Amino acid sequence: LFEENEMREISSDDDVNSKQENFELRQSISLAGGVALIAGTMVGSGIFVSPVGVLAGSNGSVGLSLVLWAGCGMIASLASLCYCELGSSIHESGGEYAYLNKEYGSVAAFTFSWTSCIMTRGSGNAASIIVFGNYCAGAFYTGCKPPDVIVKLSSIVILLFLSVLNYVSVSASSKLMQLLTFAKFVAMSVIVVGGMVRLCLGDEVGLNNLNNAFRQEDMAGIGFSQIGLALYQGLWSYEGWNNLNYITEEVKNPKRNLPLAIGISLPLVTSFYILVNISYFAVLTPTEMLASDAVAITWGYRVLGSAGWIMPLSVCLSVIGAVHGSFLTGGRLPFVAARRGHLPQILAMASTNYYSPATSIIFTTILTIIFLIPNDFDTLLNAFSFTVWLFYGSSIAGVIVLRITHPDMPRPYRVPILIPVIMVVIALYLIIAPLIDSPDILILYAAIFIMIAPFVFYICVHKKIHLPGLDRLTVLLQQFLEVAPTDWDKMS
C-alpha cells in the first residue's frame, strides 16, 4: 500500500526541480516564531475556560489546585528538556514519529503515526475548533444555545482559512501565530492585573480564598486516581510544548533556536498560568468557579462590567491560535510518515509553488472536518491524555536508549540523565493512575486501536499490499495539486 521505494519514482518536471538545488521545506521559522508557536499553541481555551477540572480534582482546594498547576508546568518543562536533546540531535520533522523511529524502529514509529494521524490530532483539533464555533455563533444567539449546524459551519470556515494560510505561506502562518500569541498574553495580563488590583483593595473573596488555601476538609479523601485525572486536566492546558519538534526542518538554526524557544516558552506560560489562576481566586469562590462553564468569562463580567465582552473575544482568539499552531505542526506528521512509506506516497509531497507539505495539510483538514460531524467528542478526548502520554513516555525513555545504542551521536544539547528517568516514572503514573480507582472503557478502546497498528504495518508496509489504482490516483493528484517529493534524504 505505502511502498517506500516507489516514492522517488514519481517526480515533477525538470523545470520545477531546477528551482533550487534540493527541493525541500524552507527554513522560515525564527526564534521569535518558535516561541510564538510553542506558547501560542499551549495557551488555548484551557486556561480561559476550564481550570474547573483541576479545581474539581482538588476537591475545591485552592492551594492544591495552584500546586497542581505549577506541577503540570514542571512536568511539561522537564519533558521539553528531554525533547531538546532529541530535537537537536535528530534533525527531522515529525516529533515523536522521528524519535520513535530512531529509538525503537519502524513499527513503533508507524504505531504512533497511525494513532496520532487518525485519532488524537483530528479529534483534538475538532474539539478545540468547536469551542470557537460555540462562542462565535453564541454572539448572535443571545439567551439561547446556537444551532449545531451554525456552530459547525463557523468552525469549518475558520478551519478552512487556517488550512489555506498554512498551504500558501509558512512565513505568514508564523507571523499570524506571533500576533495571536501576543493577543493571548495581553488577555492574560488583563486578568492578572485585574485580580491583583482586587487583592490590593482587600477583596473579601480573594483574601478568604488565599488565607484558607489548604483547608484540611478539602484535602481529605483525595485519591491516587483523582490526582491523576486532575493532572490530565491541567496538562491539557499545557499541550503544545512539543510542537516545535514537529517542524524541525523548517526552523532556522534548530540546534540553537529549538532549545532556546522551549527554554523561553515553558517558564513564561507556567508563570502566567499560575498568576491567572490566583487572579481567578481573587474574584470568584471555588463554588462559583465549579459552577461556571467558562471561568474567564464569569471573571470578566464580574470585574470588567460592560467591557466583559473582551473575555469571549479573547477565548475565540486563543482557540484560533491554538488550533493554528496545532494545525501548522500536525500537518507535518503525515508528511514525514509518508516519506518513510508508512502512509500513502501522495502525503509525502510538497507544493512546488509554496514549498509547504500541501497534501498533508489537505489530509489533516479533511480528517478534522470528519471529526466535526459527530455531536459529542468526549468519547475520543477522554482517552486523549492516556494515548499521548504513552507516546511521550516512550519517546523520553528513548533518550536513555539512544545514550546506550548511539553513544557517539552528536548532541548539541545534553539533558541530565536523571531528568528522563524522572519523566518516565511520571509518564507511567499518568498512564496507570486513572485506571486504578475508576477505569474507563474509553481507554480500552484507545489501547485496542494502538494494538491494531502492528498488524496494519505488517500488511501494508512489510507485505506491501497495494490498494488497486492507488499509484494512478497518486499521479493524478500530483498533477492536479502541483506537488512533488522532497529531497529529504539529502539533508545533513
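Cβ from N, Cα, C; glycine included.
These numbers come from a predicted model, not from an experiment.
Residues or ranges marked as transmembrane segment by TrEMBL: 29-50 (among others). Here the transmembrane segment (29-50) has Cβ contacts under 8 Å with residues 76, 128, 131, 170, 174-175, 177-178, 180-182, 184-185, 187-188, 233, 236-241, 243-244, 247, 250-252, 256-258, 260-262, 264-266, 268-269, 272-273, 276, 293-297, 311, 314-315, 318-319, 321-326, 328-329 of the same chain, all six or more residues outside its ends.
Listed by sequence, the residues of this chain that lie at least six past the ends of the transmembrane segment (62-84) yet keep a Cβ under 8 A from its Cβ atoms are 42, 51, 54-55, 209-210, 212-214, 218-219, 222, 227, 230-231, 234-235, 237-238, 241-242, 245, 258-259, 262-263, 266-267, 269-270, 273-274, 277-278, 281, 286, 392, 395-396, 399, 413, 415, 419-420, 422-423, 426. Under the heading transmembrane segment, TrEMBL lists 62-84 (among others).
As annotated by TrEMBL, transmembrane segment applies to 126-143 (among others). Using a Cβ-Cβ cut-off under 8 Å and counting only residues 6 or more beyond its ends in the same chain, the transmembrane segment (126-143) has close neighbours at 44-45, 49, 150-155, 158-159, 312, 315-316, 319-320, 322-323, 326, 368-369, 371-372, 377, 380-381.
Annotated transmembrane segment per TrEMBL: 149-168 (among others), in sequence order.
As annotated by TrEMBL, transmembrane segment applies to 180-199 (among others).
Only residues 6 or more beyond the boundaries of the transmembrane segment (219-238), in the same chain, are considered here, and those with a CB under 8 A from a CB of the stretch are 42, 44, 46-47, 50-51, 53-54, 56-59, 61, 64, 68-69, 71-73, 75-76, 269, 273, 384-385, 389, 429-430, 432-438. Among the features that TrEMBL reports, transmembrane segment is placed at 219-238 (among others).
Taken from TrEMBL, the feature transmembrane segment covers 258-283 (among others).
Here TrEMBL flags 309-333 (among others) as transmembrane segment. For the transmembrane segment (309-333), same-chain residues at least 6 beyond its ends with a Cβ under 8 Å from one of its own Cβ atoms are 37-38, 40-45, 47-49, 93-95, 97, 113, 116-117, 121, 124-125, 128-129, 131-132, 135-136, 138-139, 158-159, 162-163, 165-166, 170, 173-174, 176-177, 180-181, 183-184, 187, 190, 240, 243-244, 246-247, 294, 296-297, 299-301, 357, 360-361, 363-364, 368.
Among the features that TrEMBL reports, transmembrane segment is placed at 354-374 (among others).
The annotation transmembrane segment is assigned in TrEMBL to 386-405 (among others).
Taken from TrEMBL, the feature transmembrane segment applies to 417-436 (among others).
Annotated transmembrane segment per TrEMBL: 442-461 (among others), in sequence order.
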- Message: With Cβ-Cβ distances below 8 Å as the criterion, list the same-chain residues six or more beyond the ends of the transmembrane segment (386-405) that contact it, or say none.
- Response: 79, 82-83, 85-86, 89, 96, 99-100, 102-104, 108, 112, 115-116, 119-120, 235, 239, 242, 415, 417, 420-421, 423-424, 427-428, 430-431, 434, 443, 446-447, 450
- Task: Mind checking which residues of the chain, 6+ beyond the ends of the transmembrane segment (180-199), have their Cβ under 8 Å from one of its Cβ atoms?
- Result: 35-36, 39-40, 43, 47-48, 206-207, 210, 272, 275-276, 278-283, 296, 299, 303-304, 310-311, 314, 317-318, 320-321, 324
